Amino acid sequence: MTSALPLLPVYTGDQVRAAERPLLESGQGPELMRGASWGLAAAVLNLLRERGAVYGARVAGLIGSGNNGGDGLWALTFLRRRGVEATAVLARGRAHQEALQAFLQAGGRVVDEIPGQADVVIDAVLGTGFSGEFGAPQLPEAAVVIACDLPSGVDADTGEVRGSAPAADHTVTFGGLKLGLLAGDGGHLSGRLHTVDIGLGDHLPTPRAQLLSPDWDPASSWRPPQSTDHKYSRGTVHVLAGSPQYPGAAQLTVGAALNTGVGMVTLEAAEEVRHQVLAASPEVVGVADGAGSEDRLEKARAVVVGPGLGDQAAQLEAASATIDEAVRRALPCVVDASALTLVPELTLRTEVLLTPHVGEARRLAQGLGLAEADELLSSDPVAAAEALAEGTGATVLLKGATTVIASPGAETLLHRAQAPGLATAGSGDVLSGVLGAVLATQQDRLTVAEGAVLAVGLHAQAAQRVDPNGQGRFGASALMAGLRA
Ligand SMILES: NC(=O)C1=CN([C@@H]2O[C@H](COP(=O)(O)OP(=O)(O)OC[C@H]3O[C@@H](n4cnc5c(N)ncnc54)[C@H](O)[C@@H]3O)[C@@H](O)[C@H]2O)[C@@H](O)CC1
Ligand SMILES: Nc1ncnc2c1ncn2[C@@H]1O[C@H](COP(=O)(O)OP(=O)(O)O)[C@@H](O)[C@H]1O
């Protein structure tokens, strides 16, 4: 399927290794290693140029015994030939013979410890050949760390760290983006990602997942209203959110939907919640909660249920009825926060978008009796989201620094936010509003999963707008305002 969004293929380590195999068998190993190590050296050179001079810069490598170490040594060799002071620590006491010889011939030095003055450290102990556990050594604090293919100790297939892994500022990866660089702890440790094409081309299989391109402006994927539009044709979002205990959640969800851009927002909530929300956003149309009338969704193109709903039985009952009605009408329906507790009792379809964070996903898996999904949440979050999607029949958006969107029978989509300030109370309520607006207005050209990944991109972009230096000095209200271009 071709998507209207710019998506990058993501592979497991095993898939990339399998793609390399025929080339290695036909004797092209040295060329592959040359391509990979030159790509790594080029990335280091760029970094050194940005920081000052290349000549005399100090670059140290932590070198393993396999091909990952070979890549590291060849990269150090190329750098040495450009006047870099290159040192290598042989972490296993031995290394790729040919690469070591070239390194020594170029004037590189083997040392016992990474020099404390190193400007750049290349982590080339373990790549896709990692098995068992790894213990990461301490690296000089001031050095920029560049991982060769992936940080040592990270499982390339899942992102799981077994033992410990050094955090990289950059990872230069070969042949294709690997899932372990995006998911789980691997996603926190891999830094900025650079992919080097080593000519695997047609040998690469169907990707394991697709990543929304980090270089893409998500706002450019937004289809604006047309002159022929009227409010209903643009898209109406029906929101069931907020409670006397959490009225602010409704305000954030509704405000985010309005600032993302919709034809109309209707809010189903308790009177005092509606009163508060309408005081801030008089354009919202209020509907008494628990109204129970089926025509409240008649004009809706998307529904959002759950933010700030709390755990009162009457509110959950109204939420359940609204989700059922949305399912009956095949409307995209975002189910968030406490409404997620209703899922085991509901019959869902792929238009329903469940939006748990990890804690909620764990409770969801337990509520559904999906023990495997519960376990996978720690070791392989992508597989966990897929198991939840299969188990519920719904699309699942698992929140986190990397958001995973899994839909039964469809490709899994990923978004990686470089905005940890998003971890702030109410941020998820804002995301629900953005999701509602995108699903209501863009559904003619995007699937629910694609709309979801676009919404997650817009949410992260809003954080970058209000907090360009990543200081985290903003709350969810500012995030809501940041959605406006
Ligand atoms: N074969 C090639 O020519 C190519 C190799 N590539 C590089 O090679 C890497 C894969 O190379 P390898 O298959 O040699 O594997 P690695 O270099 O990732 O690691 C395997 C080596 O480390 C040891 N090892 C594994 N787990 C360990 C642990 N927990 N503690 C200590 N030692 C451990 C193994 O015994 C083996 O010697 C890729 O990540 C990539 O960097 C790429 O350059 C593409 C081409
Ligand atoms: N470390 C992080 N880096 C980037 N984004 C994050 C991080 N932690 C959380 N987020 C995002 O912030 C939002 C938090 O949502 P949620 O946990 O539901 O918050 P709340 O319930 O307080 O509104 C999600 O969109 C999630 O993907």
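Just so you know, glycine gets a Cβ as well, placed from its N, Cα and C.
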### AMP site partner of LYS399, GLY400, ALA401, THR402, THR403 (as recorded in TrEMBL), chosen from GLY367, GLY369, GLY428, GLY433
GLY428
### Task
Filter the candidate list GLY308, HIS357, GLY400, ALA401, GLY428 of binding-site residues, keeping only entries whose CB is under 6 Å from an atom of ligand 2.
HIS357, GLY400, ALA401, GLY428
### Message
Between C-alpha atoms, which of these binding-site residues comes nearest to LYS399 (AMP binding site): ALA249, GLY308, ASP429?
### Response
ASP429
### Summary
Quick note, ASP429 ((6S)-NADPHX binding site) and THR403 (AMP binding site): C-alpha atoms separated, nearest Å, by 15
### Query
Out of HIS357, LYS399, which of the binding-site residues has the smallest number of neighbouring Cβ atoms within 10 Å?
HIS357
#### Entry: For THR403 (AMP binding site), the number of other Cβ atoms found within 10 Å of its own Cβ
27
### Least buried by Cβ count (within 10 Å) of the binding-site residues ALA249, ALA401
ALA401
### Query
In the same chain, outside LYS399, GLY400, ALA401, THR402, THR403, GLY428, whose C-beta lies within 8 angstroms of the Cβ mean position for the AMP site?
HIS357, LEU398, VAL404, HIS415, ALA417, LEU422, VAL456
### Query
Between GLY428 (AMP binding site) and HIS357 ((6S)-NADPHX binding site), what C-alpha distance do you get in Å?
9
